[in-house]
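**Q** I have a structure here, written as structure tokens, and I will follow up with some questions on it.
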Amino acid sequence: MGWPYHFLTLSQEQILLRRHTIDYYASVAHYSALSPAVVFILLRLIQRAARPIRRLGGYDDIDDRGQYAHVPGTPTLKAQHNSTLGTLAARWRAVRWWFGDDVVFLGVSWGQRDEWLLGLGWMSWLLVLCVLGTGEDYLHFTKRFGSIAISQLPIQYLLALKALNPYAYAFNSSHEHINRYHRVLGRVTYTLVICHVILYNIFFILSGIWLKRFFAPVVFCGVVAMLGFDGLIGTALRRVRNYSYRIFFITHLGVALLAPVLLFFHAHSARLYAAESIIVFLVDLAVRRAGITHAASTFEAIPGTNLIKISAPMPSHKIEEFRSRPGSHIYLSLPPKGRTTKHPASKSFMFDFLFNPFTVASASEDSQSITLVARKRAGPMTDILSQFASSTSSLSSESDNKITLAIEGPHGAVGKHFQHLLTWGASRILLIAGGVGATFIIPLYHALQRELPLAHAQFIWAIRSAGDATWASTDNGFEKSLLDDDNVHLYLTENINIFHNDDHSHDGSIELGNMSRASSRQQRSAASSHNSRRPNIQKIIDGVFCHSVDEKVAILVCGPEEMSREVRRRIGPWARKGREVWWHNESFGW
């Protein structure tokens, strides 16, 4: 069977019919990507509208922490697990865990299995739409790739939204989770664009008009847009992001703003989708700016460490949001009013493009403020924060000790799903932190102690030295120090080449904070009660699961990538047996 496509000479009526056909299949691709979100949003709205009726009938699905749950190991619960439905549910849990495993090739993670399956499935569907109804017309075939690709652009923008993400709302998910599929769709779209470019170049070369058409304004707009996509894909590589997250972010921002404009003038069929993309971009920008809080913040350099403690006052409604969503993070930027002549480095234009994530260490109702404690790295944001802390610590005037910061948040998957964790019915909760990952785990640990006092919560903290444990503050509303808690286990890994959290991220893509410095008594306590070895993850995980097959186990980890991978690998055998596991790995990589 030979190549089915040829260069055809068409009449004006045939060209118009081709144009309508291309637009039709592009709209099918566009709305087929939107339809799942629309359907699930309607279902959620119907469910919400039905809540008053359910309450009148004596049903309340908002909070079931007070409802009766069978005790693990009882005959009733064992009978449920051994039933046909129980067996099917266990198998489905094992399959879901398998979907969440990473695809590892040559020691490098290439995403999770569900991303690959969804990506391959969606690519297959779009390829079908690229071929259907093209006949033998080579140009129809070529243009179809471009129109199908551009039809996905507004979906790309929607998937990337933080504040108004319809897919996150539709599937009761979070921006952090949905962003994985934003990356998948980006690769699919880029592949279609590559095919479009290759096919068009073949046509221009064989027709002898390549040089003439390449620099034509309409075509050249597409060329520049393609170069932007190339740069976007290139800077999204892990090595580039680790070297300079700022380059990745600025490239993303620039291409997101300029590409729709270029494509609007490149092709008539792209104008609707380009306009949609620009509208989504601008609306998201406006909503996020409206949600930013400008806080006159105080800075403190923690002696003996490279940590900077930041206290930022917040409105009462924001404090309530942070307290109800422990483990959340914010995006911090330096607004123009925070750039002073006392610190010339703060005047740099690069701060217009820096929005760094920081974990919220605590949110105080008494002081109406949140606390962030950042480790100084090689990036410009933590460097300028360190300069602020160093200079303000010597000032006596409280007003001179304050610098305005722009804070957007709270964000975070766990914060959004914390209520689900509380109502899920976990019998045992294991929290694992590596180094500065404790700033995410500690607020969760305190919240779980407060909300689920009967659950067996255990906190494993791997740190480099005993002094690192002084980050944990006693100012948490509990009578005893975190370091005096029998359920908290510290492991010192200094001089042990394990779970090494490399600080080579030059631009602070992972700006995890640390808790404030505790007293010298706490430091001595940490030094005397630690384990001078790395944690035995296998033994710890087995110890959590070995009590009863009916127990639900929640495991949350925040630390170096090697730690997270090992923890998940050790959970795998238990999850594949159908055990109920609430799993979360907190990381900032995108």
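For all residues, glycine too, the Cβ spot is worked out from N, Cα and C.
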**Q** Name the residue range among 318-341, 486-509, 510-533 that TrEMBL annotates as region 'Disordered'.
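**A** My reading of TrEMBL: the region 'Disordered' range is 510-533.
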**Q** What is the three-state DSSP composition of the domain 'FAD-binding FR-type' (285-417), stated as helix, strand and coil residue counts?
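**A** Each residue of the domain 'FAD-binding FR-type' (285-417) counted once, the result is 45 helix, 45 strand, 43 coil.
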**Q** Quick test of the contact rule: Cβ under 8 Å, at least six residues beyond the ends. What residues does that give for the transmembrane segment (24-46)?
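**A** Distal contacts: 125-126, 129-130, 132-133, 144, 147-148, 150-152, 154-155, 158, 166-167, 169-172, 185, 269, 273.
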**Q** Using a Cβ-Cβ cut-off of under 8 Å, list the residues of the same chain that are 6+ residues beyond the ends of the transmembrane segment (214-233) and lie near it.
**A** 146, 186-187, 190, 193, 197, 204, 251-252, 254-255, 258-259, 262-263, 265-267
**Q** Please work out the mean pLDDT for the residues of the domain 'FAD-binding FR-type' (285-417).
**A** 85
